[in-house]
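Below is one structure, written out as structure tokens, with a few remarks after it.
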There are 2 protein chains.
Amino acid sequence: MTFDPASLNYDAHGLIPAIAQDHATGEVLMLAWMNAESLAETLRTGQVTYWSRSRKELWAKGATSGHVQRLVELRLDCDRDCLLLRVDQTGPACHTNRRSCFYTAVREGEEIEVLKPMA
Amino acid sequence: MTFDPASLNYDAHGLIPAIAQDHATGEVLMLAWMNAESLAETLRTGQVTYWSRSRKELWAKGATSGHVQRLVELRLDCDRDCLLLRVDQTGPACHTNRRSCFYTAVREGEEIEVLKPMA
């Protein structure tokens with residue numbers, strides 16, 4: 001079946017959550033949001049573009065930092081209301097310079113930093 | 001620092017997206033939503049409980065199907081507005097009986113089923 005971005009279930013704001021996962025290691029890097037336009041741009045260019053909810057504009061990941069995400073494979077979930085982006089991540093995915101945004105673990109009720117910023 | 005569920009950035013509906021990942025294989029299994037109560041219940045019991053947006057009630061994952069998720073580790077992202085649940089998944093995570101909800105890949109513009117239902 002030909003994929004139609006309009007067939008996805010966007011929320012009331014026209015957005016859908018997108019999980020970025022390192023295609024080689026399986027590491028979950030970040031979660032951000034897409035609208036139909038950013039998804040189309042991602043598929044057209046092969047580089048991940050999100051929708052910035054704070055700036056209310058297209059956000060070509062890594063456009064200024066160089067920390068781009070090359071889309072290796074797009075996956076949809078069963079309800080078509082979430083995307084999984086299997087990516088080739090250049091450098092850190094997180095604005096804190098860490099490989100992944102999920103660098104805080106909760107262990108025995110305490111927050112523990114489990115990833116350091118990249119050199 | 002002691003983890004306080006009230007310190008998370010919930011959305012306007014009091015919800016936060018939670019990604020469930022197989023702790024052993026790294027496979028992304030599903031994305032669902034939590035509120036503060038479901039997160040507290042998850043931490044109290046060690047079994048993942050979400051908030052069902054359709055039924056508007058706590059959803060103890062696997063309570064009827066037996067396909068429970070044991071929480072191995074909770075992680076927070078940099079913005080504290082998304083959770084990563086590293087879990088030990090019993091059986092399929094997806095209601096379609098597939099291991100993961102992300103069983104549809106988009107390849108060269110076509111939707112391809114990449115995971116079959118479990119036996």
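Glycine is treated like the rest: Cβ placed from N, Cα and C.
So that you can see what the record holds, here are the features copied from TrEMBL:
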- A:30-103: domain 'Phosphoribosyl-AMP cyclohydrolase' (DOMAIN)
- A:Asp77, A:Asp79, A:Asp81: Mg(2+) binding site (BINDING)
- A:Cys78, A:Cys94, A:Cys101: Zn(2+) binding site (BINDING)
Site of maximum Cβ density within 10 Å, from binding-site residues A:Asp77, A:Asp79, A:Asp81:
A:Asp77
A:Asp81 (Mg(2+) binding site) and A:Cys94 (Zn(2+) binding site), compared by Cα position, are separated in whole Å by 24
The domain 'Phosphoribosyl-AMP cyclohydrolase' (A:30-103) [mean pLDDT, rounded to integer]:
97
Based on DSSP, tally up the residues of the domain 'Phosphoribosyl-AMP cyclohydrolase' (A:30-103) by helix, strand and coil.
10 helix, 29 strand, 35 coil
Name the residues of the same chain, 6+ apart in sequence, whose Cβ is under 8 Å from the Cβ of A:Cys94 (Zn(2+) binding site)?
A:Leu29, A:Met30, A:Ser100, A:Cys101, A:Tyr103
Cβ atoms within 10 Å, counted per site: which of A:Cys78, A:Cys101 has the most, among these binding-site residues?
A:Cys101
